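Quick notes on the structure that follows.
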Amino acid sequence: MSEKLDLTRFEKKMVIRNIEEKDIDKIIDLQKDCFPGMEPWKREHLISHLEHFPEGQFCAEFEGEIIGSCSSLLINFDEYDDRHTWQDITDDGYITNHNPDGLNMYGIEVMVHPKYRRMKIGHRLYEARKDLARRLNLKSIIIGGRIPNYHKYAEEMTAREYVEQVTRHQIYDPVLSFQLMNGFTLMRINPNYLPDDTASIKYATLMEWNNVDYLPQQTKRYYKSAFPVRICVIQYEMKKIYSFEEFANQVEYYVDVASDARSDFAVFPEIFTTQLMSFLEERSPSLAVQRITEYTEDYISLFTDLAVKYNVNIIGGSHFVEEEGKIYNIAYLFRRDGTIEKQYKLHITPNERKWWGISAGDQVRVFDTDCGKIAIQICYDIEFPELARIAADKGAKIIFTPFCTEDRQGYLRVRYCSQARAVENQIYTVISGTVGNLPQTENMDIQYAQSGIFAPSDFEFARDGIVGETNPNIEMVVIGDVDLEILRRQRQNGTVRQLKDRRRDIYHIQYKK
């Protein structure tokens, strides 16, 4: 009697799964194989997809090899021009316009390796999208589809005539025919959709699949009239104190003020914990900084408790921290749910190196909060436009800049650059500085500040781009509301669109981390 067959020797494994960061290089290689005449994804594009909408990025893996993939984002399609381009709908491929509350999934690419195009890989990827649309209760899936065989007929018929013949099955088009077979219906034909697509003569068919399981919400989720975020900026006075408890009392007072105003964020200045030097009685600046690092746990414990107690997210200024024998200038985000994040200062001023021996960090971070994505760029860092652009591309809508400057010239560098970053990146920026003086403390003798909240410059925002600002050089707070929904709409339809209109064909910023 023959032995029972070992069926595992015959098995082949096909998996449709979400894309992970380890797959990115393989996805780029796959695109080169699928579309040899078109510019492939850049790594930063695919990383941005995973940061903004990881659930919408799928790949087909066969025997350990990635042989197909698809990418998508969520939008409210009513907010876009019918004659949009691929660049418009994807924010130049970065999908930073992804709207988690959107009613429509927009598919921006599907590709299958040429060797595997008889295995219904495209159909499987489309089904994964449809399953996700049902799970998220989306109204429809919309795609801008290529018509890659049109160039063969372009001299004898218009794009509309070609599409009509494909729809009537008189001409076969590998993309449009496939989409029709998968339940998509034609909405319109868009010219100049994808400049690199010479096979389609730059045309695309706008197609839609309607989710028959969609349940309309009682509220009109597709139109969000406002997304207000209230920010309380503390312009903190540096004056002599006699204990950490006295410092804690002052801090709690301001957090209480922010909470009473129902603020979403309370923002403290850079290295305002150097106020502790006033009772440490250490004359050497470098030794005084080392003494301050001994209060790191007390500082973190204090702000964590206050964020939870007063139900407000706190940008805890910044604090000197010793790690592995080096001292860093670190800004902390204390979320009101009790979690903590940190951002190292990346650019160290000559003064910080000379007096305190501060070391530089090496990562630009963007943090999720209950009020959207934010970034923190400490003082000098806001003077380097590359960092703000990287943060904006990672999805940040607000950049907080705690600062500490001793004179008006230093302050104006921070202010002017902060306002410039707001315009360049169509984001809100916030600066919070120290005032007063510490006469017996080396290198912290005098302070100058006028803190503020800044917006882009367009009709939807404050006339002069200033949401609110303090009076110069006195201890006080300023409280202002910023609207992330207005910001989102302005990025799509503003008088100018700095993010969309970048010339990526002649320059780009590469983040090396």
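Cβ atoms are placed via backbone N, Cα and C, with glycine included.
Sequence annotations record features per position, and here Swiss-Prot assigns active site, proton acceptor to E270. Of all Cβ atoms in the shown protein chains, 26 besides its own fall within 10 Å of the Cβ of E270 (active site, proton acceptor). In three-state terms derived from DSSP, E270 (active site, proton acceptor) belongs to neither a helical nor a strand segment and is classed as coil.
Taken from Swiss-Prot, the feature active site, proton donor applies to K345. Taking a C-beta cut-off of under 8 angstroms and a sequence separation of 6 or more, K345 (active site, proton donor) has the following same-chain neighbours: S318, Y328, N329, I330, A331, I358, A360, G361, I378, C379, Y380, D381. DSSP assigns K345 (active site, proton donor) to coil in the three-state reduction, outside any helix or strand.
DSSP gives C379 (active site, nucleophile) a helix state. Under the heading active site, nucleophile, Swiss-Prot lists C379, citing sequence analysis as support.
Taken from Swiss-Prot, the feature domain 'N-acetyltransferase' covers 14-212.
The annotation domain 'CN hydrolase' is assigned in Swiss-Prot to 229-484.
Take the CB of C379 (active site, nucleophile) and look out to 10 A: across all protein chains shown you find 26 other CB atoms. Regional average pLDDT for the domain 'CN hydrolase' (229-484) in the model is 94.
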